[in-house]
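A short write-up of the structure that comes next.
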Amino acid sequence: MATLDSSPPLAFRVLFLVVSGAALGSALSPLASESRSTAVRVDDPHRLQRSVLPEQYRLVVEPDLDNEVFRGRVEIDVEVVEATNTISLHAEGLANIQVTVTRKGSSEEKIELVVVPRDQFEMIDIVLSQNLQVNERYVIALDYEGKLRDDMYGFYVSKYYDNNVEKKLAATHFQATHARKAFPCFDEPGFKARFQVTVVTPPGYHCLSNMPVDSENELSGNRKEFRFQNSLKMSTYLLAFVVSDFVFNGDGNSEPEEVIFKTWTRPDAVAQTKYSLTVSRRMLKVLEEYTGISFIDKTQLPPLDKIDQVAIPDFSAGAMENWGLVTYRETALLYNDGSADAKMFVAIVIAHELSHMWFGNLVTTHWWGATWLNEGFARYFQYYVTDKVEADWRMWDQFVVDQHQMVFALDSVQTANALTHQVSTPAEASASFGSITYNKGASILRMISYTIGPTYFQQALQNYLHLHKYETVVPQNLFDSLKPYAGAAKLSDDDFDNFLKSWTEQPGFPVINVIRNYDSKTVTVSQKRFLFKGEGSQLYYVPITWTMEGRSFEIWRPNNYLTPQNPVMDLDGVVWPSERSWVIFNVQETGYYRVNYDTRNWNLISTFLNNIDKSISDIHVLNRAQLLDDAFNLARANQLSYEIVFDLAGYLVREYDYIPWSSALTALSHLNLMLGNDIRYPIFKRYGLRLLDRIFDRFNLNVPERHDEKLLLNKIATWACALGHQKCLDTAANMLRLHIEEGTSVHPDLRSVVYCYGIHSGNDNYWDIMWEEYKKSQDAVEQGLILAGLGCSSKENRLRTLLEYSISGNAIRKQDASSAFAAVYSNPWGVDVALEFLEENFDSILIQYGSMRSINSIVTGIAGRLTKEQQKKKLETFIQQYQDQLGDAGKSALEAVEENLEWINAHQDGIFTILQNIEYKQHRLPEWVTPLNYTLWLEPNIPQGTFIGEVMIYVVAHAPTDKIILHSQGVHSSNVVVLDRSNRLFENLWQSHTYDENLEFLTLYLRTTLIPNGIYSIDLKFSGTLRDDMYGFYLSTYIDDNGENTTLAATQFQATYARRAFPCFDEPHFKAQFAVTVRTPAFYHALGNMPVWYTRVWDNYTSEVIFHTTPYMSTYLLAIVVSDFRYIEDKISSNDLVFRTWARRNAIKWADYSIQVSRPLLEALETITGIAYIDDGQEHHFDKVDQVALPDFSAGAMENWGLVTYRESMLLFNDGTASARKGIATVIAHELTHMWFGNLVTTRWWDATWLNEGFAQYFQFYATSLVKPAWRLMEQFVVDHHQAVMGADALPTSAALTSPAHTPAQVSARFGSITYSKGASILRMLCSVMGEQNFRDALRTYLDANRYSTTTPSKLFTHLIDKSGNTALDSVSFEKLLVSWTEQSGFPVVKVERNYETNSAVLFQTRFLLKSQTPPVSTLYYVPLTWVGPGGDFTDTAPKAYLAQEQTRTVTGMPEPQQWVIFNVQETGFYRVNYDDTNWRLLSAHLQDPSQPLDGVHVLNRAQLLDDAFNLARAGQLDYAVAFDLADYLQRETDFIPWASALAAFSYLQRMLVRNDRYPVFEAYVRSLLEERYEHFGFRDREGHIDKLFLNRVSAWACSLQHPPCTRAARTALDAFLQGEEVPADLRSVVYCYGVRHSPKESWYDLLERYEKSRDSAERALLMAGLACSHDEDLLNELLGYSIQGTFIRKQDAASVFSSVYSNSVGVEVALNFLDEHFDQVEEYYGSMGAINNIVVGISGRLTTQDQRDKMERFIENHNDDLGTIAVAAIATIDENLEWLQVHEDIILNTLSERMTTTEPSTTQSPTEPSTSQSSTEPSTTQSPTEPSTTQSSTEPSTTQTPTEPSTTQSPTEPSTTQSPTEPSTSQSSTDPSTTQSPTEPSTTQSSTEPSTTQSPTEPSTTQSPTEPSTTQSPTEPSTPSTTTDDAGSLRATVLAVLTLVLAVRML
């Protein structure tokens, strides 16, 4: 047993006592001074000489916790390596040190000595009477005493409370220079030795140390002696012991060969140790695997086989890696169901400390000047290890923003240290443990890893560790282990060595400047040190990586290096992108440097990220974070314009990933701090809130499941509340109220937000309550959160109280005191409070903290937040008062304030100007001025194609402003006068005006500021050009009966085109009255919204038409037509309402039908809404409806109030098809519905366009069904819209009904099938849920409450909820249902798993996607459930139950086991249904059973079963065999509705399979199903509406399948037609298409002549589609040539020619070749790339072979610069086709082969041809194959569909007319299923009333998405010639035999 009574000879003892004064700061005697000067021979007085090296310590320590002292004895075995008579040891704060030195092995021979203290160096020198001999070993024995410290360093006391009883413990913390405070020692890491420790504990205590206990002995007084095994060879700072009464939790999983883990803590916290135990062992295994070195080293005796981890209540650091005994602050080890952040903190700290077992303990830095060799590796591996253990936390992504980017700021100042730098004093050693060492060290290691490759990096580290285990190292040792892999970095050994040194021996890092020469396509890069201020001379070896638009971001090996010798480099030999595409350097930010670009490249990146049509994920998430971090910091350093920065940051409204947001919010924190004290700060707050708005709404303080999203939620909520987001503040306050008043727990991930902002904005007494919670809490994490929350108070007295508590020494732990200060000074209300408190209480704070280090940190923290001159003066006064104590810290603090003020002076004004501009550069007008009324005068000069005008707008001001902003595009304004009408002042306030072309803003700058509530007038003259693109005020032409061109002028203002006719407030919520006057040329008249009030005629036959003033309405509803048209009028005028239809003279004869149908439709709508069209209560009201058929019209129709404009084919009916008749009626119904839904009550903004268009789409069917009940329109709605739009909504990119729209292009994109068809489908579902009468009553009150106003979804919901009493849902639940269907994209599939024993079913819902996503999409919906069994009531569509946004539920009451069940009765719910196999079999058997009537299953459910089955199979959720089993019943089906669904499904399959050699199998299968229907209809006209539709569809399919009677009849009918005979209207599309295909060229030219001469637009569309059906490639090329000549094919129809051609199987490659050869001509004619992009997308959707893919790639190579990203989308579309085929093709064809073999069909057909499908720019419709579909929905501007919508195919014989090439192209989504149309019809123009998919009458024609093939195509044909036969007998009689022959021939 060691003793403590050894002492030196008396003489030396006396001398020691005289000179040392117990080694506590006494002056030196002359003898001592002389001895020191002659004995100490080292260059650095703070460093020990290395003449004596320790080998073994034997340490005995006995603490007295009651008196907080200890005594000890240490014996140190040393080896002498250099003759010396002086031994220097470290010792600090130790008393009564007694020393003996003996030669080892002769303990009696004590060497005489004297001890000389060197207190200023924390050393003692033992000066001996003789030299120690080299290679001899000696024992130094020292007895001493000490005080247990209270500063958490050395050997110190810690306290905690157990049941309100104070408990003490003693613990050590020796890193970096604190072992000397516990025992005299060689306290530098380079002096490794072994340690044998013995600790004597007080009664009731036990002890832990690095090694396991060797023996435990009882001593007198109930003390215990714990003797520990001898340690491994290690440095003093790694020694540890803890004396406590703690308990442990062991992991219980230790095997004999495994490490024993125990976590120790105070007894009441042991439950919080579970996570640390779970994760620690896993992490250790990861490290053992990586390093190749086991933790237990059996070569060492005794081996270390345990790791104790101790949570210490008072701990200065986060944790300490003592070998075998890791100590932690409680928050770093204990986890009690806390936040994601708290859990992650525990994990990474444990990983950090365990990494040290290898990097730091096993291999140790020789000196603290290279601390990064320990801590850099530990920081690196804390992310590596945690990533392996918690794989879904994205730790490596977090590394970049938490470590790499964070340290940049510290490394950007002149005073930054290099990684390897000079360290001498303990203070300098302590300072080396900073972010440069940790974060930069890890970042450089990460860069090295990517430079040589992760595998080589691991091998190098394994070699390094094996070579140097139990030793100390310097950086060169590491470099030598890395150098063998220099070749992997493409560097020589010397260059690689220089590379490593340039990053470790120099401070800072570079910025790489990238300058592109866009003309020569070259790039120059250069480097310089990045500094916030000043210049640096350092140059680095910089690994250069880059990528470019459309390329991979997985390029992390360097392409080149910038070197100190070559700091500038031209990157030659690289094919750089065009000037339209960006480049990005530093891929995944693997290099430790910033990147700056030329302005143009920055703009290209910003434009890309801000473009809603681009996917931000095309830029790697780490590079999005890098771009933000670099940009903001470059601007901070004056190296980049903040204008560019904010331009880039604007994309954040589209960002939902944690990583870029983390970078952005860090950067914005600096701006928030700098700008926060300025009076203009609200501008910054509004900017921040705009960025946060969408992401906040996404979470809405609901905690998500994913770890990274929890982190993101916390950051977003913190910022939202900080910036004053009212909902955030209210919610936080309410959550805190519930917590305090009702005991409701706050979710851990929200506590920091709720505690802070709940206290900030809640009741004042909440502060006291939370303070009491803080004192009672035993959870350190919770205490930290409460403490931070208390510092958020806005009350100065509360903040001062908190600071007082922090220095009281009782309530707040010393380790947390500085956190209290930080909480206060981080609060904008608290920074001055903290500074004043510090000044007033400096002495008390110093006593409490015990040192200046914490005070210096507080002073620095406060100084960094001072941004005003008066604050600087206060700080200066304080620093002058305490200058002696503060020293350099005071100087640094003043410098920090100076830098803040300097930055503010340089940047603040500019930033606020930029932010102010951003506010009104957001495409939305500010609402500080709103219009009251317009007086508009217009004069078009039609011959010259120009117009002039004048407008006076009365406005009201709502806020002080010195500018007025209006919309204006392409209109020149002049003679501006702004007058103050309130005060009747006539001084012109106008000063100047500017025009922003991008935002389409006209800004009027005023001489004075407008006064709130003041009335002002704006008067200005303007002029413009009558456009030719069918938008704004434009020209249209037609050919009269004399063959002469006649021109007219018309308007189309929806959605953002009124601004093209006159300056205005062009947003729907700016409603106003309009008084319009139009001056017309001679022989023209004018139409307007209102009746004519007065006409003035001039001598030159011109006239001035003055219209009555309108009611309040939006600008987009204003309309003017100046023409020579004629009209017919509805003579019935019982209510004084006049209907007129206007058309060109030679077409007015076709207007009768529109007149016949319009009044009944309007009357039906008046009945539905309960509101008369003529509103007698309004002074200005409408008493007429003019409907005008325009020759050139971009949309299908437009609902201008009182003056509805139409494309001719949407209004004029000339003995047309049943589909055309239906289309005209429903389009008129759609537009008339808008008189209420859209005009009377208008969506406030286009993000909820469905409030206009969804209702119009729904009632166009509902109202028309009341007028035409025999048409079964509500059944047609299901297949035309409900089923069709499911294709678009089954894509992961589909938008919710309520979705953001900002720019005009985004607004235009809202007019798509989701808005129209899904909107209408959801309304139909709500009608079913609520009941028809309740639904109608709700709409009546809604319209009445909001008439002449604007609306939002919430306004509608209020009225729906009010009438939802019969839904069995309370108001909250019903609102959830409404929100779930309107604010979430997509829809679910409900899987029904029946339990046939219990007659129950388990229902599961998941979002239905055509292509599964990883991870799966977790969206859940509020699903109304209906079901029925055999004999059930299919008319009862009221929900029986709901899936209330839950994934699963069980329902009872299912039919008997042998009976089927069908869910979603009449398909009223917007969801698909899948069943278990048994139920599918029961359904198929029932439908195929001839004894069972088909009407036992409702016709809509028969259609539903087919549509669901084939789409489930397409998505891989159902076997195709099941779908075909079901479809077999179609041989019995005689109803059009199920056939429409079935043929839509077959269209997709036919297009995908047509080029397979076994395609005839599919063809034979479809013929076998279709045969009886064709025989029933034959090729002859029918009477009923539905029969006419059915006839067209069946005939088109039969001809496309080469059914001889059909093709023969088509050819014969065409011959007769060309001889002057009539063709039945509903067969024309079939006759024109298949007659042309099987006739000589002469017939084609005859048909072309008919097209040129025809004046009937509907007939022209049919003829064009027929011409495109030819299989003669020369004729198709000729037709395409005509389409770009601008002669007899209208520009609005040009794109449809392309789509008709490429929808022809022969024509798809013809179209591609033509586009390739005539690319420049096509682009010039169309005027933009939009239409070309649509064509490329359309073509790519029809390419299904590798050869075709190769051709597309060659085309893209030829035109890559022009095509841009659409090229990537096109290839992706083809690849998706190929992928689908690879998965499904053989399965389907094998299934059908077996089926056809079984059924033995007869007569094979020759391979069939694909039908031509709809134009790429227009969605296809569920149209009868023979009827022309009009391209556009009836009323809306023709905009192409949003990229997320699929196109549904067209009936095979309909001509496809697409939108004009000038329309914006938002292409349709790539993955969408084909939804309708028979496979053989030529692509025809779209049905009049449907938007994309079945296009809505009011919706612009849309195109297919670049990534998805056009899907519902008419049937396709293989390239083999068709076989004809005269046999008209059964198609099934001989199919098998001929099929076998065909297949045999093909095989030969």
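Using the three backbone atoms N, Cα and C, a Cβ is placed for every residue, glycine included.
Under the heading active site, proton acceptor, TrEMBL lists GLU353. According to TrEMBL, the feature Zn(2+) binding site maps to HIS352, HIS356, GLU375. The compositional bias 'Low complexity' feature in TrEMBL is assigned to 1798-1932. Annotation source TrEMBL lists domain 'Aminopeptidase N-like N-terminal' at 54-238, 931-1117. The domain 'Peptidase M1 membrane alanine aminopeptidase' annotation in TrEMBL covers 275-503, 1179-1369. If you look up TrEMBL, you'll see 582-897, 1460-1761 marked as domain 'ERAP1-like C-terminal'. As annotated by TrEMBL, region 'Disordered' applies to 1796-1932. The site 'Transition state stabilizer' feature in TrEMBL is assigned to TYR438.
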Seminar exercise, completed: Looking only at the recorded positions HIS352, GLU353, HIS356, GLU375, TYR438 (site 'Transition state stabilizer') has its closest CA neighbour at GLU375
Exercise. Other than HIS352, HIS356, GLU375, which residues of the chain come within 8 Å of the Zn(2+) site, judged by Cβ distance to the Cβ centroid of those residues?
Worked result: GLU321, GLU353, SER355, PHE359, GLY360, ASN374, PHE377, ALA378, ARG379, PHE381, GLN382, TYR438
Exercise. So for GLU375 (Zn(2+) binding site), how many other CB atoms are inside 10 Å of its CB?
Worked result: 25
Exercise. What is the average pLDDT across the domain 'Aminopeptidase N-like N-terminal' (54-238)?
Worked result: 94
Problem set entry | Maximum Cβ pairs under 8 Å to the domain 'Aminopeptidase N-like N-terminal' (54-238) - stretch from the list 275-503, 582-897, 931-1117, 1460-1761 | 275-503
Problem set entry | Chain-internal residues, separated by at least six, CB under 8 A from GLU353 (active site, proton acceptor) | GLN309, ALA319, MET320, GLU321, VAL326, TYR328, ALA378
Exercise. Under 8 Å Cβ-Cβ from HIS356 (Zn(2+) binding site), six or more apart in the same chain: what's there?
Worked result: GLU321, ASN374, ALA378
Seminar exercise, completed: Same-chain residues at least 6 positions away from HIS352 (Zn(2+) binding site) with a Cβ under 8 Å from its Cβ, in sequence order, are ALA319, GLU321, ALA378, ARG379, PHE381, GLN382
Seminar exercise, completed: Cβ density check for TYR438 (site 'Transition state stabilizer'), other Cβ within 10 Å (all protein chains) comes to 23
